[in-house]
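Report on one structure; see the data block that follows.
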Amino acid sequence: MGNKQTIFTAQQLDAYQDCTYFTRKEILRLFYRYRDLAPQLVPLDYTNHPDVKLPYELIGSMPELKDNPFRQRIAEVFSEDGEGNMTLDDFLDMFSVLSEMAPRDLKAYYAFKIYDFNNDDFICKSDLEKTLNKLTRNELTEDEVRMVCEKVIDEADLDNDGRLSLEDFQHMIVRAPDFLSTFHIRI
Amino acid sequence: MTSYSNGGFFNHAYHDSETLEMDRRHSSKTHHTNPYASHDPASWGESSEFPGQTHGYDAVGRAPGGGWQGESWRGRESLPTRPDSTRQHDRNHSTFRTDRDSQYGRAPPYQLPSSVSGNMTMRWRRIAVRRMSMFPDADPAHVAFTEDAIKNEMENEEQDLVKELVAMSTRDRIRTIRDLLMSFEEKKHIRRQVEALKSSYKSRQFTRLADFSENVSLSVRRAGYTIKSTRQTLELWQGIMKEIGGKFGSSVLSYFVFLKWLLMFNIFSFLVNFGFITIPLLVHDPSPNIPQNVSFRGLELLSGAGYFTYTVMYYGGYSNETLEGLVEYNMQLAYFFTIAVYMVLCGIALIFSMASSFRQNYVVAESVSNSAWQLLCSWDFSVTNDKAVRQRRNNLSVQLKESLSEKAQRELPTRSEKLKHFGIHFGSWILSTGLTVGCGASIYYLCRYEQQRATDTENWSLSQEAETLLVPFVVSLMNLVIPLFYSLFNKFEHYSSQRTQIYALVVRNVFLRMVILAVLCYYWMNVVAEKFSCWESVVGQALYRLVIFDFLFLMLGSFFGEFLSNVIGTRLLLSLGIPEFDVARNVLELIYAQTLAWIGIYFSPLLPAIQILKLFLLFYLKKVSLTQNCQPPRRSGRAAQMQTIFIFLLFFPFFVGALSMVAYTAWTLNPSEQCGPFRGFNNTFSVVGVWMAELEEISSSQWAVWIYQNVIRSEIFYFLGTLIIIVIIYIFWHVTKGRQELIRLLRQQIINEGKDKSFLLEKLHDLQKSNLSRNPKQKKQKEHTKRHLDDRSSSSHSSSNAMVQALLARQQFEGEERRNAGGVPVPSDISTSSAVMQAMVARQRAEREQDDLYHMPDEYSSPDSALAQAFAARQRAKAQESDEDNGSSAVMQAMQARQRAEADRGLDTGDLPFPVSNVMIQVMQARQRAEEEDRIQWVPAPSQNTAPPGSSALIQAMLARREAQNEYDDGY
C-alpha cells in the first residue's frame, strides 16, 4: 500500500476510519471518486490538509446523485457552508451517513434536514409541498398538493402543532422499517 | 416557573452579550451544525403564527453588539454535545427562535468562526435549565450567570464527554463518536480531544510501556480495519447489487440479498459436511469402490443415479469403520454429529435472524400512516437510473392521486356486493385447495406406479434410469404451473388491500409446496424404506433429481414468466405491458429449493455443493432476466416486512418440516443393512448409545455418560426444559403487553400536550386582541411602572425574570384564590395539594411584599427584590383593575401585569404581542419539560410542598393550564 500512504498520513486515515463508517479502502475509493470530479483541483497529497472545495455543480453531477430529486438538498445539508460546496470531509461524511452501516437515528436526523427546505427545523407545509413537487414533478394540481400535505401532517403530527418536528419525523421513521434500506446510497 | 433561559432573552445585559451574538450566528447558519443548535427553535415556532411579530427580536438581534469578536473564546473549544442520553431532554428546553427574516435574507451579518457556535448557546441554555430545575424557587439573581460561569460550565461539559469517551473501551468509543449527531469536523475535534487526554494519561505512566501498549492497540485496530476491508473485497456481487438497486429499487434488491444469504448458508453447510465427513473418508480411501460394470454415462448428471450411487455423494458411499490414520476417526459418530450440529446451527441462525428482523420490522412498526410514509419515507435514495427515477415519480403521483380519490369516494359495499366478494373468495380458496390436494394425490399415485416398476437392482438400464426422471419432472412442472393458476385467481378476487392479496397468494403457494413435499416424504419413509436395500441412497438420488429439475424449471420459469410475457406485453398485447419482477413468487421458489437441500442433507451430504452451484447460476440468470425483461415495480411495497415473512416461512413450515423429517428418520427408521455408516443398527441414534457404552470404560469421561443417562435420555429433563421455556415466554409476553400499554399512554400524552398547546395559544391570541384595544388606558400606568422599575433594572439583570415570576406567581395565586372561593371545581390532580401550598406561600409573600412596596418602593435591596416587585406590579394591576371595574377575568389581570412588567423592561421596539406569547410559551415549555422528566422517572408526582424540581415545574404548568381552562369555562 505504499503509494496510498502518500495521500493521507496514517493518522489521517485513522481519524477518517474512526469518524465514518468506512474502511480505509472505501475511504481511498471515495477519495478517488472525489478527485475524479475535478482532477485539476484536488491534489493527490492530502497530508497537509489542503483547503479544497468542489462546487455543487460537480458534486451534483455524480452518477449516484445526478438523478436524485433531492441532490441539491443533500449537498446543502452535508456541506459546511450550506451551499452545496463540499470539502473531502463533507463528502465522506455524506456517504458515511448514507451508507449501510449508519444507525437509524443518524439517518433520520439527516433525512429530516433534507426535507426541511427552509431550515426552520420543522417540516412545515411549504416544505412538504416542495418535497411533493420534487417527487412528482409538479404533476399534481394545487388542490391535490394541498390535500396531500394536509393528510401527511394530519397523520404524522402527533403534537398537533401543524407541522412535523424532528420527534414526529423520527417517530414515523421508527415505524417505517424500509427507511433504513431506502435512505442508502451505494458507492 | 419557566426556564431561566428566558433570562438571556429579556435581559438587557444579555442582549449585548455574546450569548445573543451566538444566537444570531446560529440563525444565520442553520445548515450543518450540531443537532442541538438546530433543535433550538423547537418550542418557539408558535411565534411564527403571529406574523410580523418576530421582527422585534430581530431588531434587537441585529443591533451592533457585544464583545464576541474581542473574545478569544472560540467556538471550536466548546465541546458541543454528548450522545443520546441528554438529547431528548434538551429539545424542548431550548428557547430561541431562529428568526425567519434572517434566514431568508441570505446574507448573514457575521462571519461564522465555526459551525459549533450554535452549540454553545444550546449548552448554555441547558445549563441554565438545569440550574433552574435545581432551584425551582430560586431568586432571580441566581440566573444572572456571568459569561465566565457559562464558559466554565461548557468546558466542564466538554471535559465530561471527553472523559466519558476516554473511559470507554476503544471499540465503544469509536462507535459512540461515529454515532454522535454532528458533522464530521466536530467528530474529528472530539476525537482529537479524546486522544490528547488519553496520551496525557499515558504519559504519566511509564512512558515506554505506555508507548508500547499504545502502539499495540493502534496496530490491532489497524489490523481490524484491514480485515474488514479484505472482507469487503470478498463480498460477492457488490457491483451487480448496486446496479440492480439503482435500477429497480430496494424491494427487488431484497430478493437478491435473500439469494445471497442462502448462498452463504449453503457454503457454510458444504464446508461443514465436506470437512467433517467427506475429507476424512477421502484421505483414508481416495478411490470410490465402484463395481466394474458401472461406468459414467452422462445421464447421471440429471438422474443422480448410476455411477454417482457409489460415490461419496450419497449416504451409501460412506463406511461404518473407524478410520485409522494419524488419529482414530469414527465415521459413524462423525456423520451423526455433523448432521445434527449442522441442523441445530441452522435452526439457531434462522431463529436469530428471524427475531432481529421481526423486532426491527414488526414490533415497532405498526399502523404506519400512509401518505406521510409515501411522501417522506418511500423515496428510494439508492435509485440512480434516470428512467427508473422518472417511472418512480409517475408511480408515486398516481398512487397519491389514488389515495386521495379513495378517500373522497370510499363507500360501503352493498350486501349483494359483499356476498359476491365472499363468494368469489370462497370459490377461489376451494379451487386452489382442491388443486393442491389433487397435486398431492397425483404425485402419490405416480410414485406408487413408479415404485411398482422399479427394481432393486444394482445397475439400471438407461431407459429405467430415465424413467426415474418422471416424478421430479411432474413435481417441478406442478410447481411452475399451479402458481400461475393462483395468480389468475388472484386477478378475479378483488382484495381490498394489496397486502392481503399478496398474503393470500403466498399462503396458497406455501400450502401447495408443503403438500407436495409432505407426500414425497411420506412415500420415501414408508415405501422406499421398506423396498430398497440401500434406501437412503435412493432417497438421496430422488432429492438430487428434484434439486436439478427445480433448477431447470426455474430457468424455464424465468423464460416463460418474464421473457415471454415481456414479448407478449411489448409486441402482442400492449395492454399487459412490461412485466414486473414478482418478488414473492421468486422468493418462494428459493425457499422451496432450500428446503430440498435441507431434507437431503442426511441422505446426500454433498447436496449443498449442488445447491451452491444452482444458486450461483440462478443469481446471474435472474439478473439478466430482470434487466432484460422487467420493469421496476409500480408499487413500492413494504419490502422489509415481506422479508421478515419470508424468513419466517423459511423457518416455520419449511425448516421445521425438514428437521422433523430428518429427526424422524434418525430416530425410528431402520438404516439399510448393506450400506452406509449406520448399517447394523436399529436406528441412527443408537450410535450414540454404543459410543456411550464404550465411554463408560474410560473413567475420565464419566461425566459425558452421566449427561447422556440423566439428561438426554430422561423425560424429566425435557419436561423441565419445556416448562422453563414456557414460563419465560409468558413473562416476555407480559412485558411486551405492558410496554405496548406504556407506548399507548405516552402517545396519548403527547397528543394531549399538543392539544393543550394549541388551546393555550388560541386563548392567548384572543386575549391579546382584546387587550390591545385597551392599551391606551394603561399607558399611564405603564409609564409609571417603567420608571419605577428602571431604577432597579439598571443595576440588576433580572427584570425580565421578575416578569416571568410575576406571571407564575400570579398563576399560583389565582389557582389558590379559585380554590378558596370554591366557585370553580378544581379537577382532582396529583399535584393539587402541593400547588395549593405553593400558592399559599406565594400569596403570603406577595402580600408581605405589597406592604413593603407601597411604603418604600425605591429602596429595594433584598435578594428577591425582583420577584417582590413583580408581585407588587401584579397587585397594583389588580387594584387598578378593580378601580376600572371592568370585571375582567383573572387571565386579563395576568396579561396586564405582564404587560406592565414588559413595559418596565423597556423593550426597545415596543412590540407587545411577541413577548406575551413568549411567556405563555415558556409556561408551556415548563410544563412539557416537567412532564417529560416525570415520564422519565416514571413516578407519580409527590404531593408535598418539597416536590422535586420536575414535579414543581409540572405543578406550575398544570396550574397554568387549569386556570386557562377555568377561564375558558367562565367565558362561556
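Yeah, the Cβs are placed from backbone N, Cα and C, and that goes for glycine too.
Nobody curates TrEMBL annotations by hand; they come from automatic prediction.
These features come from TrEMBL:
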type	residues	note
REGION	B:21-117	region 'Disordered'
COMPBIAS	B:73-103	compositional bias 'Basic and acidic residues'
TRANSMEM	B:261-282	transmembrane segment
TRANSMEM	B:294-313	transmembrane segment
TRANSMEM	B:333-352	transmembrane segment
TRANSMEM	B:422-446	transmembrane segment
TRANSMEM	B:469-489	transmembrane segment
TRANSMEM	B:510-529	transmembrane segment
DOMAIN	B:534-640	domain 'TMC'
TRANSMEM	B:541-560	transmembrane segment
TRANSMEM	B:572-593	transmembrane segment
TRANSMEM	B:599-621	transmembrane segment
TRANSMEM	B:642-667	transmembrane segment
TRANSMEM	B:716-735	transmembrane segment
REGION	B:771-801	region 'Disordered'
COMPBIAS	B:776-787	compositional bias 'Basic residues'
REGION	B:816-847	region 'Disordered'
REGION	B:870-911	region 'Disordered'
COMPBIAS	B:899-908	compositional bias 'Basic and acidic residues'
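The transmembrane segment (B:294-313) is in contact with the transmembrane segment (B:541-560), judged by 3+ CB-CB distances under 8 Å for residue pairs 6 or more apart in sequence.
Remote same-chain partners of the transmembrane segment (B:599-621), defined as residues 6 or more beyond its termini with a Cβ less than 8 Å from a stretch Cβ, comprise 237, 240, 256, 259-260, 262-263, 266-267, 269-270, 273-274, 277-278, 312-315, 318, 335, 338-339, 342-343, 517, 521, 536-537, 539-541, 543-544, 547-548, 550-551, 554-555, 558, 590, 593, 658, 661-662, 665-666. Cβ atoms under 8 Å from those of the transmembrane segment (B:541-560) belong to residues 301-305, 308-309, 313-314, 468-469, 471-473, 475-477, 479-480, 520, 524, 528, 589, 592-593, 596-597, 599-600, 603-604, 607, 610-611, 614, 617-618, 621-622, 625 of the same chain, restricted to positions at least 6 beyond its ends. Broken down by DSSP into helix, strand and coil, the domain 'TMC' (B:534-640) contains 84 helix, 2 strand, 21 coil. A contact between the transmembrane segment (B:572-593) and the transmembrane segment (B:469-489) is present, since 3 or more of their C-beta pairs, 6 or more residues apart, lie under 8 Å. For the transmembrane segment (B:261-282), the residues of the chain that approach it from at least six positions outside its boundaries are 236, 312, 318-319, 323, 325, 329, 331, 334-335, 337-339, 341-342, 346, 349, 590, 594, 597, 601, 605-606, 608-609, 611-612, 615-616, 619, judged by C-beta separation under 8 angstroms. Outside the transmembrane segment (B:510-529), and at least 6 residues removed from its termini, the chain residues within Cβ reach (under 8 Å) are 432-433, 435-437, 439-441, 443-444, 447-448, 451, 475, 478-479, 482-483, 486, 535, 538-539, 542, 546, 588, 591-592, 595, 599, 649, 653-654, 657, 661, 664-665, 669-670. Through the fold, the transmembrane segment (B:716-735) approaches residues 710 of its own chain, all at least 6 residues removed from its boundaries and within a Cβ separation under 8 Å. In the predicted model, the domain 'TMC' (B:534-640) shows an average pLDDT of 86.
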